[in-house]
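Below is one structure, written out as structure tokens; the observations come after it.
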There are 2 protein chains.
Amino acid sequence: MSQLKGACIIGQSGGPTSVINASAYGAIKTALESDSITRVLGALNGIKGVLDDNLIDMGKEDPEELALMKHTPSSALGSCRYKLKDPDVDDTDYKRILEIFKKYDVRYFFYNGGNDSMDTCNKISKFMLKNGYECRVMGIPKTIDNDLYGTDHCPGFGSAAKYIATTCMEVYRDARVYDTGMVTIIEAMGRNAGWLAASAALATYKGNGPDLIYLPELPFDMDKFLASVKEIYAKNGKCIAVVSEGIRDKDGVYISEYANKNMAKDNFGHAQLGGLASYLAARCKEATGAKVRGIELSLLQRCAAHVASKTDIEESFSAGKAAVENAVNGVTDKMVGFERTMENGQYKCNIKLFELSDVANTEKKVPLEWINETGDGLKQEYIDYALPLIQGQTDLKIEDGLPRFVNLKKVKA
Amino acid sequence: MSQLKGACIIGQSGGPTSVINASAYGAIKTALESDSITRVLGALNGIKGVLDDNLIDMGKEDPEELALMKHTPSSALGSCRYKLKDPDVDDTDYKRILEIFKKYDVRYFFYNGGNDSMDTCNKISKFMLKNGYECRVMGIPKTIDNDLYGTDHCPGFGSAAKYIATTCMEVYRDARVYDTGMVTIIEAMGRNAGWLAASAALATYKGNGPDLIYLPELPFDMDKFLASVKEIYAKNGKCIAVVSEGIRDKDGVYISEYANKNMAKDNFGHAQLGGLASYLAARCKEATGAKVRGIELSLLQRCAAHVASKTDIEESFSAGKAAVENAVNGVTDKMVGFERTMENGQYKCNIKLFELSDVANTEKKVPLEWINETGDGLKQEYIDYALPLIQGQTDLKIEDGLPRFVNLKKVKA
């Protein structure tokens, strides 16, 4: 393999996580230290930053400030949801990308995102190859949803899982404090894969968690759900249930659609937004007469850097680092992922490379055999899987009692 | 002052906080070490535990396990919302309390709660005095609302404020990540006093906070609010607003009532619960066309022990400790509160005692002169007030990556 010298571009895409910047920082730091990479450029708002020639020079950032990226949530370079067209149909964007790559002599492209981003990587790489432009393309995964194919788990999931489990343990304490009845419904993200809602099982494992957990992997039966809540409520005077936003009934209709279908209008005819958690809470109120509360974890579960998993932060950093190291060593068209080994009962996470074409547009769900017989909880297999991923506390810098997040200068390239 | 020997009862009441157990533990630990206190009893579910003779022996708990109370959220002894009747109208409950006090030779009563709890303390104390039963009664305050009269601030507020400011900083990063528009509404607790919503100003002070903050101290003008959101959104493409749950219009009607008035019904006629945040978000969607998100911090803001303020934990502990020390030294009918001194610009918090009768049923609001001219933000005076209260990180014990909260044996007395 010959050494390939040139600039690199790093971009971030899709919904952010608590640790996506740890990955970006792993890539940026490694690239800045590499002999092969002449200049490290950041694309603002992902691929749109490339298309708009909106690039910043990461080498102009103060190294100490830049290091704060490792513990700063959300995408420090900005994100986008822009989907590239099929190049066989319309290659305008690809031509423009090639033009920008040539302008800055870009020979390395690192893209930090979910399924769609791996698809973007794959398409760009193929187009460059077809046009005889040498450029190594690597995908760096992120997603709290943990639904990427191949990799044992995804950077970002561990921190979201730690947030959800911690929050469930705290809410468990709060929601049981009165001697009067209470039913609490907590809604976690996860449209098709239930990894996040499932992480509430870690709280139950620690003896302070929900009674019921529902994932989109199985059809949601409202009558069965209400019967279970009633039974638990009758026994304990309390019931806590966690649901994935993506739960669907046997006909495949999202339960949240029922929640939104006949949206409320206020006195002036203004529509209101409904939520799955409050909808289910209202149904439980009817069924039990109990005081109810619906809690939607919303954005909080994907940006709570203050309770991020150290394991997740370090692994995310190492994924970014490995992307650059591998590319410099001649690898291209791969996504950096993880492989788990257990040595004497000790969890160990190793870097493993996956074909971009395999990863793009494939979803990984919670194995059905990890869900309990009644379809409302997780088995020990899930605990064994998820527990190592939430270990360790963040080293987030605190200033004046509050997080000190990164402030980039963003000097135009 | 003569030494008074006898048992003590400690109870907790009202809505819990992240640090109410730190206060209870301060009282329990000090009582267990006191020569005057012969037995330390915990009342399960507050005053109801006394009425029901549902008491536990705190001396039977393992000291190491008991120490975990200091970092465990919610009320470890359980809470209640039971309000004692006026003893001139019906003294049944008081007679029963006296009977229980006599049964266990209770000479000290410590009650850990908000305004109502101070009222309970006051009434019990007067009844005992009238009936010639010597018993020293002390109130130990708690409330995330920070609305207790007299004391500079309330145990519990600093931790809730730290949670809200931290969360706002994180959401600020997340909600601005795309290059497309977004309006985010965050709802904090606080029915009549806006201390909690105001704490979001700490995030703004750190450069990562909401654009607009609305407190119940001033009438909420929907048109003005929407105009402000539109203006900020037009300029920045993003807008984040934080509101107190208790905001009211000029006629005194809660905005949340408009949200709930015409509650949605789903296809089956089931009522749905609405929320203020999602209601305002929907209004902003109409006004701006932007993508919107309503986030209700719900129970999370009062039980997030994992991000509690060390200052708050230590002060809460010292309040419980001071209650016992003062009572043993002959003080009765007082609430333990805080007085702030500034020495060479250094915040210092001293214990100060307040008359129970003064505290009961009085509310302390955010001074109007701390609110900015446009009524949608806080001045530096608020920052100077609140910032010292959120300093320091918790020493919460972590086990398996998750909080290790207390598990009491609860041995019946």
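Glycine residues also receive a Cβ, built from the backbone N, Cα and C atoms like all the rest.
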Legend entry - Further binder of substrate named by TrEMBL next to B:Thr143, B:Ile144, B:Asp145, B:Met189, B:Gly190, B:Arg191, taken from the candidates B:Glu99, B:Glu245, B:Glu257: B:Glu245
Legend entry - binding-site residues compared (B:Gly15, B:Gly190) - highest count of Cβ atoms within 10 Å: B:Gly190
Inset, instruction - For each of the recorded positions (B:Lys142, B:Arg191), count the other CB atoms lying within 10 A of its CB, then report the residue with the highest count. - result: B:Lys142
Inset, instruction - Filter the recorded positions B:Gly15, B:Asn115, B:Asp116, B:Lys142, B:Asp145 down to those whose C-alpha lies within 10 angstroms of the C-alpha of B:Gly190 (substrate binding site); answer none if the list is empty. - result: B:Asp145
Inset, instruction - Give the number of CB atoms, excluding that of B:Ile144 (substrate binding site) itself, located within 10 Å of its CB. - result: 31
Inset, instruction - Can you grab the distance from B:Asp145 (active site, proton acceptor) over to B:Met189 (substrate binding site)? Cα atoms, rounded to a whole Å. - result: 8
Inset, instruction - Do me a favour and check the Cα-Cα span between B:Gly15 (diphosphate binding site) and B:Met189 (substrate binding site); whole Å is fine. - result: 12
Legend entry - B:Asp116 (site 'Important for catalytic activity and substrate specificity') and B:Met189 (substrate binding site), distance between Cα atoms, whole Å: 18
Inset, instruction - Mind telling me which of the binding-site residues B:Asn115, B:Thr143 has the densest Cβ neighbourhood, counting other Cβ atoms within 10 Å? - result: B:Thr143
Inset, instruction - Work out the three-state DSSP category of B:Asp116 (site 'Important for catalytic activity and substrate specificity'). - result: helix
Inset, instruction - Compute the average pLDDT of the predicted model within the domain 'Phosphofructokinase' (B:9-291). - result: 93
